[in-house]
Amino acid sequence: MATTIKSILSGATFGAALIAAGVYSPSVIIGQMRLSDFHMLKTFLAASASSAIAIILTNKYNISSCKARTPATVNLFSPFDGNILGGAALGFGMALTGACPGTLIPQLVAGVRSGPLVLLGGLLGGILFSKFGKPLLGKVRMGDLVDKPTVFQSLEMTQGDATAIYEALCIAVIGSLTRFFPDGEGLLVPSVVGGMLIGVSQGASLLLTGGTLGISGAYEQLGDLFWWAEQSAVEGGKKPRPSIRATSFALGTVLGSWGLFEYLGLTIPSSELEIGPFRAVLGGILLTFGSRIAGGCTSGHGISGMSQLSVASIVTVTSIFGGGVALAALIG
């Protein structure tokens, strides 16, 4: 029970941070994929940079010992092919829906019209992955990629030195983007502040649960639960119920985003985008199926994995934005 409560509290801080940062609006995410609005990228980099500091501090004082993400493979053409293909699919889903597995929850809370259908697609994606996606995942045969999953381990650097370089790089990119693409009007807080708030929620997650942020696992666990219930009902199986631990974090995200949204009296994000039913459901399927093939989503790989300088996370995030930008250019 105590573990569940801590996970809910961790999710609540994350949900509130997403609302405060304003990155849950479909127009913000699709605008980023169209390279016309860089609020998402600035927030993302600030969140990752501040998360890196939180991870180093909690590891130093033995509060957490979270490990960097390792490659995901489907054994087609590369040890990272799961990261590449899954990341691209996730990027496609983001370009179609203006959502990701994490920001979908604040969208539902805010009453974004496409949200329920994207959620339907997300649940279908979790169900499909549970049955058909898991068998696709293989074992990485190159031991060094598992034993040394980070950039600094591969280059034989210290984590502190590598993180300092990463922080400087993030600051430089954020500064350049802010100069040429300043924040628009209507934000609760500047992009950098919003990203730092997400970084604070990363620290809360490490303190409360010992683990980093990540939400796509909840969709997979709900898919596991669906097939368990189906087997129990049809075949009378007596297998133990699968874990739904990740859903407590998702529940907390609902509560945190709803609480801040209502407290501030916010309204539905305005948008001229029209996301039709088929596009919403298909995009939702791609969001969750892709993120699980890749072993994480924009929060798990993008915020948490990048901050640990995981090679797999860097590959995944590159694929997410590459896929999303490419599809956005095709569909307009």
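All positions are counted from 1 along the displayed chain.
Any Cβ shown, glycine's included, is placed from N, Cα and C.
The transmembrane segment annotation in TrEMBL covers 7-24 (among others).
Per TrEMBL, the feature transmembrane segment maps to 44-63 (among others).
TrEMBL lists 84-105 (among others) with the feature transmembrane segment.
Residues or ranges marked as transmembrane segment by TrEMBL: 117-133 (among others). Sequence-distant contacts of the transmembrane segment (117-133), counting only residues of its own chain at least 6 positions beyond either end whose CB sits under 8 Å from a CB of the stretch, comprise 97, 99, 101, 104, 107-108, 219-224, 226-227, 275, 277, 280-290, 292-293.
If you look up TrEMBL, you'll see 248-266 (among others) marked as transmembrane segment.
Residues annotated as transmembrane segment in TrEMBL: 278-297 (among others).
Counting only same-chain residues 6+ beyond the ends of the transmembrane segment (309-331), those with a CB under 8 A from a CB of the stretch are 30, 32-35, 52, 68-72, 80, 83-92, 94-96, 145, 149-152, 154, 159, 162-163, 166, 294-296, 298, 301-302. The transmembrane segment annotation in TrEMBL covers 309-331 (among others).
In terms of C-beta pairs under 8 Å, the stretch of 7-24, 84-105, 278-297 lying closest in packing to the transmembrane segment (248-266) is 7-24.
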